[in-house]
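All remarks here apply to the structure that follows.
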Amino acid sequence: MTAILEKRESASLWGRFCDWITSTENRLYIGWFGVLMIPTPLVATSVFIIAFIAAPPVYIDGIREPVPGSLLYGNNIRYGAIIPTSAAIGLHLYPIWEAASVDGWHYYVGPYELIVMHLLLGVARYMGREWELSFRLGMRPWIAVAYSAPVAAATAVFLIYPIGQGNFSDGMPLGISGTFNFMIVFQAEHNILMHPFHMLGVAGVFGGSLFSAMHGSLVTSSLIRETTENESANAGYKFGQEGETYNIVAAHGYFGRLIFQYASFNNSRSLHFFLAVWPVVGIWFTALGISTMAFNLNGFNFNQSVVDGQGRVINTWADIINRANLGMEVMHERNAHNFPLDLAVAEVTFIDG
């Protein structure tokens, strides 16, 4: 009898725990994806803070001297970074307990793999948590679908690109100057500015910002006043009210007169669908572009592609970009290039003015 009561009590305890985890009445929804998520960003964040302050230098290139990235080794907030794993390690996941010594692990591996893997697991599980909460509330799943865009971008940069290049040393350093260094080297090696998927991503991000600003300003400018002139317009509304707070017909009429009639939406659902789809699809394409360039399917190269009737090259901005790419690549891998052959053997044509 005692055993049966203990079993029932433990079962009810587990049941109460399950109900608490999946309850939508909590101030912050946890969910089963949240149970999986919580440890990973905590590990990534805590290791990042410790490493940013005190991590020893990492032998990132496999040649030359180790690169320090932490504050205690002479960097500041702008120049500090978590240095990627050494090129000597390749794509191996090298836990600290497999290293011959802790110093050797710091020298060749460092905390980069640990932080990046836990970060990617954390953001993916956060996306799952968004879907789970939507499911519990009977909502449609598009919030998680929209969040998949930055998840795809982070996965492309931190995982797909190193896999395509063959080692984690090509991953993006976790810091301000490290991010810009990654961008410059990426342009030098893959000509990303001339890749159509990157162009779609730029249109998505900047276009999304423009449309968001336009929508917000139109809504704020066409509020339905429920108060007198002596009171704030905000006092006439309450959170969750049934009635609309702004007049979409007025906003549609204003924008239609500002540009032309069919440039504005007269349907709120269509408008918000457009506002969601535009940046999300753009960022999806950027992530896809990073993933293709990871395997060296690079941007367009129009090097010396314009010639006159006698076959002489007419230099264009594309040739200027290629020269800049070569210069950036030499600065990045100065031991691997004595001088780029493309520049060394190029014929220089002087034109008398």
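Along the chain as shown, the residues are counted starting at 1.
Even glycines carry a Cβ here, placed using N, Cα and C.
Since we're looking at a predicted model, the values are computed, not measured.
Of the candidate ranges 175-196, 197-218, Swiss-Prot annotates residues 197-218 with the feature transmembrane segment. For the quinone site, whose annotated binding residues are H215, S264, F265, the maximal Cα to Cα separation is 10 Å.
Of the candidate binding-site residues, Y126, H215, S264, H272, the one lying closest to H332 ([CaMn4O5] cluster binding site) when CA atoms are compared is Y126.
DSSP assigns S264 (quinone binding site) to coil in the three-state reduction, placing it in neither a helix nor a strand. The most densely surrounded of the recorded positions Y126, Y161, F265 is Y161 (count of other Cβ atoms within 10 A of its Cβ). Nearest neighbour of E189 ([CaMn4O5] cluster binding site) by Cα distance, taken over the recorded positions Y126, Y161, H215, S264, F265: Y161. Under DSSP, Y126 (pheophytin a binding site) is assigned to a helix (H, G or I) in the three-state scheme.
Non-local neighbourhood of H198 (chlorophyll a PD1 binding site): I192, T286, G289, G299, each in the same chain, at least six residues away, with C-beta under 8 Å from its C-beta.
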